[in-house]
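Some notes on the structure that comes next.
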Amino acid sequence: MATLASRHPLDPLTADEIIQVSSLLKAKSPDTSLHFKIITILEPPKAQLRPFLIAERNGGTQPRPPRKASSLYYHLGTADLFLAEVNLDTNSVDSIKKLAPELHGQNDIDESMALRDACVTHPKVLAELKKFQLPDHLEVVCDPWPYGRDSEKRLPRYVQCYLFARAKHPGSNHYDTPLPFSPVLDIITKDVVEIIRLPTGSGPELNHDSVFQPHETKEYHHELQKQPDRTDLKPLIVHQPEGVSFTIDGYLIKWQKWRFRLGFTWREGMVLHDVTYDCRELFHRLSLSEMFVPYGDPRYPYSRKSVFDVGDIGAGVAANNLALGCDCLGVIKYFSFVISNSQGKPVDKSNAICMHEIDDGIGWKHTNSRTGAVSIVRSRVLVLQTIITVGNYEYVFMWHFDQAAGLHYKIQATGILSTAPIDSGATVPWGTNVNEGVMAPFHQHVFSLRIDPTIDGDKNSFIEEDSVAMPMDEKNPFGVGYVTETNLLSHSTPSDSAPNRVHKIINSSSINKSSGKPVAYAIHSPTKQMLLAHPNSWHGKRAKYAFHPFWVTAHRDGELYAAGDYTYQSHPDNTSDLGAWADRKDKTEDTDIVVWHSISLTHNPRTEDYPVMPCDTMTVSLKPSGFFDQNPALDVPQSTQKSNGSRLVEDTALTVAVGGQSCGMRELKL
């Protein structure tokens, strides 16, 4: 086990360090109980960290920056919120700051569980259930949602509880029985503030006398499905007889000319640091900055329904324990971490990230039509994957590293639709009926990928490059020519997509000797419809980043989250967010910049998305564009049948004995 002096300043916190932080802060408030929201690694300032990382890469020596942690916590039972910084090396508290009363901490697991219990056992809620005539064989399930915002009022921390009912089976689909009322609870007192009757018709009308109406439920769990499982699917086994091609040293990973550090935080989940290819710098830091999920039902209280899944909940907090042969297929390396609970104690996040190699089809190929000579290589990809569960939804986040220096961020959305009750025979234009009495409202998922580049160094710029048809003139007499036109974004600003537009991060001081142009990495991402809520709506005011697919800002330490540090019931007047940072109009030419990419999924549910949603996949690619003088994958060995062990279907010896676990997987021990 690494000693404190040898721990890297970017390594995630250990269990001992979480206890160290909470103990120091408890000692500062001996007469007050603390409710911890966050205890996480505090990364060194970039100006201090960069020289250390460069020296580390090049085998030099540089003093290690202090290892620090930050903590957000309440005085238990109050709205008093504090932010502290702790120096782990000196075992001391550097600072404690009481935050403004309009700022709120995120939900935590302990708090959510207590609120669920308080809601479904509250006398007012029980009275509504009795009035609704819910049968005794069904149990009530509470989904606590962030209250959001729909006015200028400064409210205490509230939670909006949407209620459902299910059969008493752990896999029963409670979203198939949404109830027509929604309690609002005060998070501190856990008392019911109000119970809101939900609209169930084709408009905003309310039915205060509705009673339970049974219907045939749609279930996703295999034990509850009525149709039998398929029987014609044969095993598919990934086998690497000589082992894996990557190496690991703590959180330092090397594979096929790639070198990077893996990080993990309660908020962002998986983070990549100091990413290089063939010893050339590419990215200082890559992370999921935010994820906003607004719903499109205009009726009250659904007009408030939204969540910042990263800021309000936390991708690291919600990370799954990934199962061998199910979530991750092949020869797997798992990474486990620890986070803190509300008492400041460590909680294991076992197998939160998995890493493995996959075959990704053809890497490149050419058949010489004159000679018949064939050159072909298959594409090997290194995958780092994490999966989070946030209420009804699952999100799969993956980084794919390819052998041609491309880096691809893949997002998959699956899980279950968040449903609402609807009267028999009624329909609405902002949702899809997916079962009798069950409506799935339209909604969006807007992710923010934070890209902190170091393309051949710190002095980078961000450009728009458009393909433009040439006028039909003496230079283009046949009318077939087209050229590219570039627009340098010299000051912090948003940028929009356009047909055939490519956004590039360039280094104007590093020139490609073949093209004569600055080296660059291009961001390839499908054009998507951005946030549909009106800019003057509370959704729009609180998630300004979601209106544009690209933004560029000058780097400043601490500016990590596109919607601001404190998203719970956030108010734009009290929020330092991406919109405010862009409005500074800082210089972004030939300097230390950050690029933010908003990735939007507009989800108008299909009936096929229910009762569980097939994965919907989005991919963003960061690809070299004039960064190299030639194809960087030319040195990948020629593919052969001998190296990949492919077989013919007609081969009678296909069946092989597989020992160990039932699906033929094995965990890599390093």
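Placement of Cβ uses the backbone N, Cα and C atoms for every residue, glycine included.
All TrEMBL annotations are machine predictions without curation.
Worth saying up front: this structure is predicted, and the values here are computed from it rather than measured.
Residues or ranges marked as domain 'Copper amine oxidase N2-terminal' by TrEMBL: 8-72.
As annotated by TrEMBL, domain 'Copper amine oxidase catalytic' applies to 238-634.
Sequence annotations record features per position, and here TrEMBL assigns active site, proton acceptor to ASP309. ASP309 (active site, proton acceptor) has a Cβ environment of 23 other Cβ atoms inside 10 Å.
Taken from TrEMBL, the feature 2',4',5'-topaquinone applies to TYR393.
For TYR393 (2',4',5'-topaquinone), other Cβ atoms within 10 Å of its Cβ number 21. Per TrEMBL, the feature active site, schiff-base intermediate with substrate maps to TYR393.
Averaged across the domain 'Copper amine oxidase catalytic' (238-634), the predicted model reaches a pLDDT of 97. When the domain 'Copper amine oxidase N2-terminal' (8-72) is classified with DSSP, helix, strand and coil residues number 26 helix, 14 strand, 25 coil. Looking at ASP309 (active site, proton acceptor) and TYR393 (2',4',5'-topaquinone), their Cα atoms lie 10 Å from each other.
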